[in-house]
Amino acid sequence: MEEKPSGPIPDMLATAEPSSSETDKEVLSPAVPAAAPSSSMSEEPGPEQAATPPVWERGGAGGMQQGSSPAPDSCQPGPGPSPGLTSIVSGTSEDLRPPRRRPPPGKQIPCSSPGCCLSFPSVRDLAQHLRTHCPPTQSLEGKLFRCSALSCTETFPSMQELVAHSKLHYKPNRYFKCENCLLRFRTHRSLFKHLHVCAEHAQSPAPPPPPALDREPPAPERPPEVDPASAPGLPFPLLEPFTTPAPAPTGPFLPYLNPAPFGLSPPRLRPFLAAAPGPPASSAAVWKKSQGAGSSPRRPQGGSDAPSGACR
């Protein structure tokens, strides 16, 4: 018996090879037209080539332009804007717009006046309603305006006439006048300061005028002059305080008071002078006499060389 080869049958191999070659041709066929544009791109285009319109192949459903790679229909943009871009632009434009102040349809706008519960569908109706709450300022029929000034009983039918009349009572003054003494001041503050002083003077009674003197007042008696030599106990009699009483006042003014009775400088000097030992009161005269004798060119009798001021 002949052994059958374990390998494949040659007829089956022959049939299998054409199928594989066909698939290779189908795969390589699209690459052939793709290589053509590369060769055409290497050549310099002439004027005739630039003028010729593009040639479309008839193969395929829609055809394909010669020298261009196939592209899906979804990737080719149309002449108008794409729907995705329009949605983005519309979204940004709506965000940039200011919010609408108009209320949505069907919403009622309530009245803001206290005690009013009415609401209106539009702003115009609300504005017309607000006029009933705030009427324009005008004089009411039959109402009279009275002047508020004291001792004035004038009445006027309108507010404008009352304001014009009030200028007569309260005219703008450039100064402030005191009613008591009729003094004028530039500021209101200075007038208030003056009113305190003016009120005190008005309350205090005026001093009576001094009586007229028919005769001349007597001359004040002078104290007897004391001889300074008759008071040996006082070394400085001029520093002794003045003990004579002052004359009685003859008018409304206070008399002049001697400052010596108040015990200023003379009482302070007295104990110091009394405690200090010193020469008697006649020592000053003796010293002047001896000084005058020493200055003379004559010498004392006896011819002694002792100084003239020495004690014998």
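The backbone N, Cα and C atoms fix where each Cβ goes, glycine too.
What Swiss-Prot lists as region 'Disordered' is 1-110 (among others).
Look at Swiss-Prot and you will find 29-48 (among others) tagged as compositional bias 'Low complexity'.
Marked as compositional bias 'Polar residues' by Swiss-Prot: 84-93.
Taken residue by residue, the zinc finger (109-133) breaks down under DSSP into 11 helix, 4 strand, 10 coil. Positions annotated as zinc finger by Swiss-Prot, on the basis of sequence analysis: 109-133 (among others).
According to Swiss-Prot, the zinc finger annotation covers 145-169 (among others), on the basis of sequence analysis. Within the model, the zinc finger (145-169) shows a mean pLDDT value of 86, rounded to a whole number.
What Swiss-Prot records for 176-201 (among others) is zinc finger.
Among the features that Swiss-Prot reports, region 'Disordered' is placed at 203-312 (among others).
Look at Swiss-Prot and you will find 213-225 tagged as compositional bias 'Basic and acidic residues'.
Here Swiss-Prot flags 227-243 (among others) as compositional bias 'Low complexity'.
Here Swiss-Prot flags 265-285 (among others) as compositional bias 'Low complexity'.
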Summary of DSSP states over the zinc finger (145-169), given as helix, strand and coil counts: 11 helix, 4 strand, 10 coil
